[in-house]
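Here the structure comes first, spelled out in structure tokens, and everything after it is commentary.
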Amino acid sequence: MNSQVSARKAGTLLLLMMSNLLFCQNVQTLPVCSGGDCQTPLPELFDRVVMLSHYIHTLYTDMFIEFDKQYVQDREFIAKAINDCPTSSLATPEDKEQAQKVPPEVLLNLILSLVHSWNDPLFQLITGLGGIHEAPDAIISRAKEIEEQNKRLLEGIEKIISQAYPEAKGNEIYLVWSQLPSLQGVDEESKDLAFYNNIRCLRRDSHKVDNYLKFLRCQIVHKNNC
């Protein structure tokens, strides 16, 4: 009896693992636009961008957990972390009620500003992680994967704006991550702290982007009927 239960549990776990693997492979290979001029219908384009943003947030979360497990040894280290993120100066909705008060074209440009702002910290993470003592390959590979998928996410968001709100193109705000020089610091703890803060902030922002895109898909594509 116990062996049958164990076999069923093992089978279920295997199916979940295969499902996750197929999902990741699908996201990695699915083009944001199916043609050079991107004639992908807006509902399908939203579906692809939402799937991609969720995948990126999952990668950020995995990377944060891995870094936390490898380098964060005590609460004292966490206490030193800066609460504010470089993008905190950007006024973004905190919940669905606030998001409903923001015009969709404005929210799309806020999303674009956040995603664009990830380019430099991602590059610095990939460059700097190689110099960290015993940096796990899993963290480095995830950072590289995020950098690649981030380009596709930017393309998808820009295509959505072009299709739905062409008059709003070019209205994004360009943000600079002021903490980046700390990633090149000499002191080992300072560098680890800078990496921790940046990965934490990237994860936080990716969660915002994921939620905003899901909200906008519901609002624009499904007319709030979801």
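Placed from the backbone N, Cα and C atoms, the Cβ positions cover glycine too.
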Per Swiss-Prot, the disulfide partner of Cys226, chosen from Cys201, Cys218: Cys218
Recorded disulfide partner - Cys201, candidates Cys38, Cys85, source Swiss-Prot: Cys85
Whole-number Å value for how far Cys201 (disulfide bond) lies from Ser117 (phosphoserine) (Cα to Cα): 11
Spatial neighbours, same chain, of Cys201 (disulfide bond) - Cβ under 8 Å, 6+ residues apart: Cys85, Pro86, Thr87, Pro121
Rounded distance in angstrom between the Cα atoms of Ser53 (phosphoserine) and Cys226 (disulfide bond): 19
Cβ contacts of Cys226 (disulfide bond) (under 8 Å, same chain, 6 or more positions away): Cys218
Cβ neighbour count (within 10 Å, all chains shown) around Cys85 (disulfide bond): 19
